[in-house]
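K.L.:
Pasting in a structure now, in structure tokens, and then I'll have a few things to ask.
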Amino acid sequence: MELERQAKQWAEGCVFKHEMKEGRGENLAWDSNQNPEKELKKKMYSYGQYSCGSSCHYTQMVWGSTSKVGCYSYRCPNLVNAYRNAWYLVCFYTPKGNWNGEKPYDKTCKSKCREGQTEEKGLCVGEGKGVTINQGGDDGGCDDDQGRCAEWAKSGQCQSNPNYMLKYCRKSCKVCVSKTSCEDSNPGCADWAKKGECKYNPSYMEKNCKKSCHMC
């Protein structure tokens, strides 16, 4: 909801330019018709290339590590830097994508699919039940699943995007646990988990209700 609110605020300002807020990906498009989504330009992207080129809208939309998106479309009487009486489409994403030198997703991730996910055409589909932490080593085998986790953690993503970060960047977010500490710290955890609180209140649940949220 926060990204949607930010997108709405930016679109209603009717200025066609990127805000470039740190840690957030952005897609902007405008059209004098009602279908600005044609600007995604999927057909102009080739999976083999390591930059988005002229298809950055599409690659940000499908970026594998991006977990949240908020969009808003607004009819601007005068869209600054663009056109009069135009539809302005704004989408914000976290964590951001379009990193130079990286592909938007892994086409061979079947072996990495989590419990509860299925594999379709080489990609993992579904949210899954969470991260299974391997045991062993000084840190209990708790690793980051993405190469940029440390960078995202430094920019505050552990707090602003906990749904993704506490699952896939546990080491950088310092929420690693050992096998023996996989317990709920509150007797109400199991009931809260059944009501969906692992998803809706991840900051608390994934730290205090690890067992019920299947996070260890």
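Positions of Cβ are set from backbone N, Cα and C atoms, glycine also.
What you are looking at is a predicted structure, and each value in this text was computed from that prediction instead of being measured.
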K.L.:
Under TrEMBL's annotation, the disulfide partner of CYS142 is which of CYS109, CYS173, CYS176?
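P.N.:
Disulfide pairing in TrEMBL: CYS142 with CYS176.
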K.L.:
Cα distance, CYS142 (disulfide bond) to CYS182 (disulfide bond), nearest Å?
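P.N.:
Here the two Cα atoms are 13 Å apart.
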K.L.:
Would you please pick out, from the disulfide-bonded residues CYS142, CYS176, CYS182, the one with the fewest other Cβ atoms within 10 Å of its Cβ?
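P.N.:
Selected from the disulfide-bonded residues CYS142, CYS176, CYS182 on minimum Cβ neighbours within 10 Å: CYS182.
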